[in-house]
Amino acid sequence: MIVLEGIKKTYENKKGRFEALKTIDLTIKKGEIFGFVGYSGAGKSTLLRLINGLELPSQGTVTIDNKELSDLSKRAIRKERQSIGMIFQHFNLLWSRTVLENIMFPLEIANVTKEKRIKKAKELIELVGLSDKENAYPSQLSGGEKQRVGIARALANDPKVLLSDEATSALDPQTTDEVLKLLEKINKELNVTIILITHEMEVVRKICHRVAVMDSGEIVEEGPVLDVFKQPKHMVTKRFVKQDRKMDKKEMQEAMEELQVLYPEGDMVQILFQGSSVNLPIITEVSRETGVDINIIQGSIQSTHEVSVGTLVVQVLGAREKRQKALELFRSYPVEVEVLLNAK
Amino acid sequence: MPSKLPVLGSVFSDYFDFSTVSWIKVWEATKETLYMTSLSVASVFFLGLLLGLLLYETQKNDSVGALILYKVVAFLVNIFRSIPFIILIVLLIPFTKTLLGKITGPEAGLPALIFSAAPFYARLVESGFREVDRGVVEAAESMGASKWEVITKVYIPESLPNIISGITVTAISLVGYTAMAGVIGAGGLGNLAYLEGFQRSRPAVTLISTVIILIIVFTIQFIGDTGVRKIDKR
């Protein structure tokens, strides 16, 4: 369990003071995948580096499994870091070492015997699926392969925590998915707590259990991923969620305007549904019960690590009272309904 | 003009009049040059590496002590790098005399050779270290590596191509310096070319000295280039 209490981090130089983090209080549970999302400069990187003591807080405490980092000597912090793996956006592999040697690197630092080093490194190469590449140099690998080496290297000392610093930001969408699946597998099979920072909401949605949204050094929203996705409260969160929905706003706006001309008596409604409600024949039922016509404008489904979340944008056509009734009926289902545009 | 042509012809033939060459002296001089070069290259390599490391480490550290140390070292390095070699030799004569008890012979050339080349190499090492990816250093730190481990396991191996090509360049200029030192009395091929070749008017000796020096330089360049190609996996 990782507890951050009253954390502040201020950088001072000749030009002045810069508050990178302002009062962070947070608990990350053992075995969970916790995501920090925010735009660059929000303080995510600093926060991540507080957890392995690469940065020390100006105020407040970082406690990992009841051990307070600031109480430890430099040597003890280094020892502690061996149980916290870290992966990076640009992989940060040593070009001078082969895949096998890169993975053995943290084991050398932990003074593991050569025999054990090789054995462990080979196991990890197997785990990340790079068995045929153990003697390749990083320059001969693709981005996804490099990140797999990075992950294997981070796992070498059997860490209890894995820190991920934008680990998928330099990868293409498909490779990102592969790396995320690997992280999920590691979390499940090895029971490693994963703390990741990202600016891609998609990453959070796909693998995180809980998320904290950061903006200018503060956590502005925090909670289970599904809740945050369904009901984003803070403006920054809303922007992230919207960005992830990938609804092409301009295109939809055009479609809505067109339909409004064609059917001026229609309401534009967005329906958000999740999990079991995906299976309900909501549209047909509402249409049948109230006698309205329903035009489907746009629909999408996204999967989070536990359930699917869907979005449907429809146009409800009919007389005013019928439309009113239809809306009420929609709201009686376990879905979220938002009227985007009222009929003229 | 017609009178000049035969003169030119005789100069040309003088260069190839190998009967004037004492091959034993050439061999002795070659050994002296190789001796001076290899000893000075080895010393410059270790000293430069240490100085380069010191420069790099003190520069990125922001404590006052480190800053002063950096300024002092950087000042000395710049001074010694700027003094023309021929003047440095003369300047160091009293120092060499106290240190070795003599001012002639191959050993006597060493202090000046090392003093002039080590600062130059230190700068090359420093810039090599600066090129090492900060992210890789951070990765090593995140694994719990100590400062010493970061130096030996990250900085040195990751900047090895620069370290090797730097010592190659330095070694080549050291060969040139040994020839200059030779004129002043340190022996070697420079000495041979000057005393035997120039002062005794035996151009063939000068030519031979030149050719041997070229061979030494090309060999060093070849070894250096091959080494860099072998280790550079970027």
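Placement of Cβ uses the backbone N, Cα and C atoms for every residue, glycine included.
Unlike curated entries, TrEMBL annotations are predicted automatically.
Summarising the annotation, TrEMBL assigns domain 'ABC transmembrane type-1' to B:30-224.
Taking Cβ pairs closer than 8 Å, the transmembrane segment (B:34-56) reaches residues 69-70, 73-74, 77, 106, 109-110, 113-114, 117-126, 128-130, 151, 155, 163, 166-167, 170-171, 174-175, 177-178, 181, 186-188, 216 in its own chain, all 6 or more past its ends. Among the features that TrEMBL reports, transmembrane segment is placed at B:34-56 (among others).
The annotation transmembrane segment is assigned in TrEMBL to B:68-96 (among others). Proximity of distant same-chain residues to the transmembrane segment (B:68-96), defined by a Cβ-Cβ separation under 8 Å and at least 6 residues beyond the stretch ends, is recorded for 51, 54-55, 58-59, 102-103, 108-109, 111-112, 115-116, 118-120, 122-123, 177, 180-181, 184.
Long-range neighbours of the transmembrane segment (B:108-125) within the same chain, counting only residues 6 or more positions beyond its ends whose Cβ lies under 8 Å from a Cβ of the stretch, are 36, 39-40, 43-45, 47-49, 51-53, 55-56, 76-78, 80-81, 83, 85, 88-89, 92, 95-96, 99-100, 102, 159, 162-163, 166-167, 169-170, 173-174, 177-178, 181-182, 184-188. What TrEMBL records for B:108-125 (among others) is transmembrane segment.
Taking Cβ pairs closer than 8 Å, the transmembrane segment (B:163-184) reaches residues 29, 32-33, 36-37, 40-41, 44-45, 48-49, 85-86, 89-90, 109, 112-113, 116-117, 120-121, 124-125, 128, 156, 190-194, 213, 216-217, 220-221, 223-225, 227-228, 231 in its own chain, all 6 or more past its ends. The annotation transmembrane segment is assigned in TrEMBL to B:163-184 (among others).
Taken from TrEMBL, the feature transmembrane segment applies to B:204-224 (among others).
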